[in-house]
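Quick look at what TrEMBL annotates:
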ACT_SITE  Glu304  active site
ACT_SITE  Asp390  active site, proton donor
DOMAIN    47-230  domain 'CAAX prenyl protease 1 N-terminal'
DOMAIN    234-459  domain 'Peptidase M48'
TRANSMEM  125-154  transmembrane segment
TRANSMEM  175-195  transmembrane segment
TRANSMEM  201-220  transmembrane segment
TRANSMEM  317-337  transmembrane segment
TRANSMEM  357-381  transmembrane segment
Amino acid sequence: MDILHRQLAAVQQKLSWVQTEPINWKLYVQAFSWTVTLFESYLLLRQYPLYSKKAPPAALEKDFEPGAFEKSQAYGKDKAKFALFSGLYKQILDSTLLHFGFYAWSWQAAGQLIAKLGYNSKYEITQSIAFVFILYFLSTIPTLPLSVYGTFVLEEKHGFNKTTPKLFVTDMIKSWLLAFTFGAPFLAAFLKIFQWAGDRFVPWLMAFMISFQLIMVILYPTVIQPLFNKLSPLAEGDLKQRIEGLAVKLRFPLKHLYEIDGSKRSSHSNAYFFGLPWAKHIVIFDTLIQQSKPEEVEAVLAHELGHWFFMHPTKMLFISQVHIFSILALFPAFLHAPPLLASFDFPPHVARAPPTIVAFLLFQMILTPIEAVVSIIMNAVSRKFEFEADRFAVDLEDRVRATGGEKAAAGMNDMGERLGRALVSLHVKNLSTVWVDWLYSAYHHSHPTLTERLKGLEQFQAEKMKKRN
């Protein structure tokens, strides 16, 4: 532990200039955030002409019914225009709030609020919680029209929206209550660690955040998700037998198999698993069951179990922890930097002793361009994992045969073909675009494009057959 602290202290020594140099951090943040927003707008403008193509790629022409491709292109075009407008709107809003000292005002308002409750500025954690929720609520209100338009105009126009106005409002209120119920204790513990550990907070904060994530793995399916969706045991039948059989053959620790009423809000479909290492839960959207055949859903689940087999969630968790550690290792220099707060219009008496939460939020803004690069790297890793999971589905027959014999592997020889059919079907029915600019995809997509995955499945199948011969 001492070695770690010495290394972290050396990093802080090299960043000591942050605490004294009168840098105009607000100008840098404005420039950084606008650079990222304009780059994202540029990517949308690269992608937009592809929505004017008149036909799908040749390999997919047979999969589109008359008019389906045109609907897909229209949906993509509308989403792109909305994304371009909403991205610029949010950036203008954020830039305006930053320019007029919204964060400094919010800290002052939080102090005034807790003063009415009998607390003074010595109660930094209480004021910090009030500060965060003032920011959260006041920054949410101007973007509500975007959410309303996206749900009740854009998604409604293209036949996906199932959310009623009452459900929309109810979901929003529930989200706010959950944010306070879980956010306030988390934030209090987060800040308490800073007070207790001082500048040696990094390993303790890492341990706390990992523990919190594990707790949420337990609480999300049992407490949070039932507030929004109904999880029902998957009905008896062919699909349930296929999935349970697959889990047994792979020794997947399946505890519960659920169907979720995703159609309550949208016609889009999905499937996923979650849980602790010894007790996993599989959730399948009712829309996926309605849109796909049982053997195709089984292939989708075979892909998902590939992620489990190769420990992709654990690897992504590890990568994210390295990322968080890197951020926390740089933070102490900014935590004790009065010039940082002064540049964002905080009064001298606040800047002289920077509140932890304020310094951390401003520090996060400074990292905006770095985070954009990190997201590209994370997407690249995620796409690699997707290909590995696809290969797993193709090779599943051989894996099961090696451990369970010919009888256990029966009926799995076409798993890759079934996965391909399922992917095509889901893309077509969800009106997903099949023409994608490579740079746009690299920045935005955590999954390979449909054509990339289909080519990959063909290659994996060919390699499988070559090994047998």
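Each residue, glycine too, has its Cβ placed from N, Cα and C.
Heads up, TrEMBL stuff is auto-annotated, nobody curated it.
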*asked:* Can you work out which residues elsewhere in the same chain, 6+ from the ends of the transmembrane segment (317-337), have a Cβ less than 8 Å from its Cβ atoms?
replied: 8, 11-12, 15-16, 18-19, 194, 199, 201-202, 205-206, 209-210, 213, 354, 356, 359-360, 362-363, 366-367, 374, 378, 381
*For the transmembrane segment (357-381), could you work out the same-chain residues 6 or more beyond its ends whose Cβ comes under 8 Å from its Cβ atoms?*
25, 28-29, 32-33, 35-36, 39, 103, 107, 128, 131-132, 135, 187, 191, 316, 319-320, 323, 327, 330-331, 334-335, 337, 340-341, 344, 346, 350, 442-446
*Excluding the flanking five residues on each side, which residues at least 6 beyond the ends of the transmembrane segment (201-220) place their CB within less than 8 Å of a CB in that stretch?*
1, 4, 8, 182, 186, 189-190, 193-194, 274-276, 317, 321, 324-325, 328-329, 332
*Sequence-remote partners of the transmembrane segment (125-154) [C-beta within less than 8 Å, at least six residues beyond its ends]*: 78-79, 82, 86, 89-90, 93, 97, 102-103, 106-107, 109-111, 113-114, 119, 161, 163, 165, 168, 176, 179-180, 183-184, 187-188, 191-192, 195, 355-358, 361
*Other than its close neighbours in sequence, what residues sit by the transmembrane segment (175-195), given a CB gap under 8 Å and a spacing of at least six beyond its ends?*
124-125, 128-129, 132-133, 136-137, 201, 204-205, 208, 212, 216, 224, 227, 335, 356-357
*What's the CA-CA gap between Glu304 (active site) and Asp390 (active site, proton donor) in angstrom, rounded?*
9
